[in-house]
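Notes follow the structure.
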Amino acid sequence: MSPLLKSIIDIIEIFNQYASHDCDGAVLKKKDLKILLDREFGAVLQRPHDPETVDVMLELLDRDSDGLVGFDEFCLLIFKLAQAAYYALGQASGLDEEKRSHGEGKGRLLQNRRQEDQRRFELRDRQFEDEPERRRWQKQEQERELAEEEEQRKKRERFEQHYSRQYRDKEQRLQRQELEERRAEEEQLRRRKGRDAEEFIEEEQLRRREQQELKRELREEEQQRRERREQHERALQEEEEQLLRQRRWREEPREQQQLRRELEEIREREQRLEQEERREQQLRREQRLEQEERREQQLRRELEEIREREQRLEQEERREQRLEQEERREQQLKRELEEIREREQRLEQEERREQLLAEEVREQARERGESLTRRWQRQLESEAGARQSKVYSRPRRQEEQSLRQDQERRQRQERERELEEQARRQQQWQAEEESERRRQRLSARPSLRERQLRAEERQEQEQRFREEEEQRRERRQELQFLEEEEQLQRRERAQQLQEEDSFQEDRERRRRQQEQRPGQTWRWQLQEEAQRRRHTLYAKPGQQEQLREEEELQREKRRQEREREYREEEKLQREEDEKRRRQERERQYRELEELRQEEQLRDRKLREEEQLLQEREEERLRRQERERKLREEEQLLRQEEQELRQERERKLREEEQLLRREEQELRQERERKLREEEQLLQEREEERLRRQERARKLREEEQLLRQEEQELRQERERKLREEEQLLRREEQLLRQERDRKLREEEQLLQESEEERLRRQEREQQLRRERDRKFREEEQLLQEREEERLRRQERERKLREEEQLLQEREEERLRRQERERKLREEEQLLQEREEERLRRQERERKLREEEQLLRQEEQELRQERARKLREEEQLLRQEEQELRQERDRKLREEEQLLRQEEQELRQERDRKLREEEQLLQESEEERLRRQERERKLREEEQLLRREEQELRRERARKLREEEQLLQEREEERLRRQERARKLREEEQLLRREEQELRQERDRKFREEEQLLQEREEERLRRQERDRKFREEERQLRRQELEEQFRQERDRKFRLEEQIRQEKEEKQLRRQERDRKFREEEQQRRRQEREQQLRRERDRKFREEEQLLQEREEERLRRQERARKLREEEQLLRREEQLLRQERDRKFREEEQLLQESEEERLRRQERERKLREEEQLLQEREEERLRRQERARKLREEEQLLRQEEQELRQERARKLREEEQLLRQEEQELRQERDRKFREEEQLLRREEQELRRERDRKFREEEQLLQEREEERLRRQERARKLREEEEQLLFEEQEEQRLRQERDRRYRAEEQFAREEKSRRLERELRQEEEQRRRRERERKFREEQLRRQQEEEQRRRQLRERQFREDQSRRQVLEPGTRQFARVPVRSSPLYEYIQEQRSQYRP
């Protein structure tokens, strides 16, 4: 490789080594330039560490003024330094020797080649000296060879450039990848502080090794390419040389051929030497490259560590510098504003002083003057001066107005920048939180997804970093532009002040000259008049005519002289006016140019903002796409879970089908026995009829009891508060009595059945026992079915509650989303608060004051937080009471179900223990039943656990929400406390107070209307809930639009404040605003709205207190009615349960028979665990018996029955053991026959069941007739049902009350937002009106200025006419005047045109 290419590659590598790689490409920042100058040019520069050196170099190199140094600008630095170095070396004495010594080692081969070429051409010249044709041929040959060599050289250079470019691109790509990977590694290391650090380090080491291997392979490939290229070049050179030799051999004589052969041999030797040297150089290069690679790796490692440290330090320094710069800028802007104000005040004071001096001078001039003409002159001059001061004061006013406008524009730009930065940071934090959430969601997913997410996060972070850099760059440029504008404005102001001073001096000088000139002219006129009078007195009449002619000539001359002087003065005045106008035009042109530039800058910024918005929109769309994918994945997971649920349910259904089959088999077996025992069925029907008769009697008793309870309830309504507990006790006693009667009747039935069974034979006893067991099993199945239906009802209710909870969860999620945004804002504020605290650590006094303020704020916050916590605690207590009430009801229902289940289990177990030794099949069936019940209990336990977990989860989420609300409320109170100090001063303004009063009155009226419409709102609430989501979306859009509108409104308000409020109060407010603007500029709008909301909430709470006092009685009445309705509902439920039991028994007997057959299969599975569960059940029964005091009598009766049953068992056991073998044999035969007679028995059973159903339907119709006869009772039931429905509606209302309160809060929030929007629209209208008024005012001022100019022109024209007319009148008057002193006594004072002109001017300016 040539030294030139090597030096170029070294320059490129050095640049890439120190450059920062962004989206704009590789550029040198100020810090990078500092490091480069320190390390690479430390020996050349005098002071490389000095920041001024870096600033000077940056200003010299940064041609495009973007604060960054590109590669072309870096090359400019290299060329300048090289030029300076060569110039310094050329000045030295030993430059040639150094060059020779330096070139001897490198260019030895080239010198030998040149010497050989010279020898060869000298021989050729000697041979062809006398032959001109040979010379010409030689020249042509040389030119051709040179051209071919040039082409080959160009090819080689192009080839080398191509490969060097490829190599450079690869190196840059690798460096970029390294940088990106380093950044990604840093970020990942930061994120992974505590998790999988060792695995991450190992992965990173593997990745680095892979990268190093890739680099090494790339270098090897590059080296192989270079070798191939060199071989190819050598082959090309050899081929070309062979072709050249062949041509020369053909054309040259033998002697020359010999010479050429010798030369070629010499060249071949040289080439061999060159090849050997190249190989040696290549080996050295390879060794050097390996050493350099090792060094580079070490350096890179060290540099990586250094860069990591430096980056951390840089980030901290940048933050501190940014904060300090912002503080400095703010202080500088503040100082500049104060200086501008002071200058304006000084200018105004100087103008006042000048005016006072001018007035004093004029007064002195007036006092000095004695003649009337001087007074008239002074009056004219004073009026002209007033007009001129008006004319010249206008530019000054315009200048002040332009300064204010510039200041306002600057403040607007600063606010816009701050808001944009806040919005950008907010979006950035939102994106970071979203990425964090995605990472948390996908933490359990495959590593490929993690890599994709990491890559996306890396790209997003790089993009954010680039955007921050661009925004910083733009901010620096804007600040530079603003500083330049301010400097230009200062220069223009100084220039204008100088011009005004010079103009005032010229005006004063002219005024003095004019004051002196009239006195001289009048003295000269007086002398002439005296001479003329003397001549007229003593001259002859002929001479008088001559004298008159001479006087006329003199008058004409004087008039011409005055006119000439007047024209000269007018010409000077015009020139000055034109000069002034030209300056004004130039200034206006410059201002227009500046405005155009500003507009161009604004347009460019707007375009950039639009581009940023588009990019953000694209990012948002990408984010939405990612979220959509995540939602799809979650949906897939839900579908999988649903499929699993369906699979589980399918298995359960299959198990139930198996149980049904078993029960069906059992039923078939029983049906075969039932056909043999038709008589027993008849007896059973009689027993069933008796039971129905008993049930009818019980219903009649219950109806009587209900009537009594209704009467008691009516009595209770009158004395509800005093007798609530008594009524509950009476109801409990009544229920206990009713239950006791039912149990006694059941016991009597059982005793009658047992007596009847004892009377009959043992075979009939066994059959009856089996039938009784069958009936009991049917009853158990019916009860289980009822229990299953109740469970389904509970599950349905639970699903409805879950659906409600899901809706609430969605609302909570939306609330969490809003709260998350608020938390993000609060996090922003917290970070700013931390930065502010770090700043305040340096300022001890401010910290102490702020600590005091914080303590006061904290006390206020604690007080408010305490009140809010009390309110929230009350709400929580209400919610908790509602939950407890609901849970209590569920627990009561569950307890009732458990008691029923336990009683059923006890009865079943008792009977199973009696027949334990008699029937093994019955034991197996019982075991299967217990197994199924165990599974059901386990499922119920699982359901209960799930419900408990859901409740705990809900409670935990509610606690978290409440905690978040508390934190948010505390933070909001802090913000409110901070904003309160600012708002106290703003509320002092009368206009805002009046508007707020009007707005409050209007809001108060609207809230009264809202309170009246609340009942109507309750009916529309369901429809409103459906539209709530759509409204939220629209609200989000409107919030974005409102943000822009509010930003615009805020700008207009600030402009209006700046225009209207010029007093010290506003300056103090602006100073305070500036202190708080860094932290609360974006929140000010929200806090204002929150203040209005708090004010409205306070009034609303006061109104609500009044309304609550009115509604307390209504609520108490509702509470009484609710309790009555609850009692009636319980009674109605009991009635309904009895009715449902009766109806369900008639409808579902067939289904229960099938399920009894299915249950037989389950019983076979339960046989294995019978004994263990029996022991557990016995223990539970003992505990339950100990607990249940009210069932003591029942247990005693059961013990008696058990003793009797035990005696019966002993008697039975003796005979059953004998019959057991027979039964087993029969069962085996029956099992064989069962498969054969399955369908026949099933058909017979169906027929019998149909007959039974008909009988039941007939009896059911009879009972319906009885029910129709009791229409009054039904009406009362309907009345109770209506009351219970109202009660249910009230319960629903109470359950929805919490939701309504939330919706009411949301509605209030929306109403407040609507109120804020209306207020903003009113403010906009007011501001538009003000703008319209200002525009009209400006139009009036413009018209007034035009009118003034027109009047000035007319006045000038009128003055000319007056002067001409006055001149003519003077001439005529002088001709008419007679000689004598009487001429001066009749001076025209009242009738002069000058006096008329003065009077006209006075009338114009008179108020």
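Each residue, glycine too, has its Cβ placed from N, Cα and C.
Swiss-Prot assigns the feature region 'Disordered' to one of the listed ranges (218-237, 318-337, 778-797, 1218-1237), namely 218-237. Looking at D32, D64, D66, E73, the binding-site residues in this record, the fewest other C-beta atoms within 10 angstroms of the C-beta turn up around D64.
The two recorded residues D66 (Ca(2+) 2 binding site) and D32 (Ca(2+) 1 binding site) have their Cα atoms spaced 15 Å from each other.
Within 10 Å of the C-beta atom of D62 (Ca(2+) 2 binding site) sit 17 other C-beta atoms, taking all shown protein chains into account. Report note: the Ca(2+) 2 site is defined by D62, D64, D66, E73, and the residues of the same chain whose CB lies within 8 Å of the CB centroid of those residues, excluding them, are L61, R63, S65, G67, L68, V69, G70. Confidence across the domain 'EF-hand 1' (23-48), taken as the mean pLDDT and rounded to a whole number, stands at 73. Residue counts for the compositional bias 'Basic and acidic residues' (554-587) under DSSP, helix first, then strand, then coil, are 34 helix, 0 strand, 0 coil. In this structure, the C-alpha atom of D32 (Ca(2+) 1 binding site) lies 14 angstrom from that of E73 (Ca(2+) 2 binding site).
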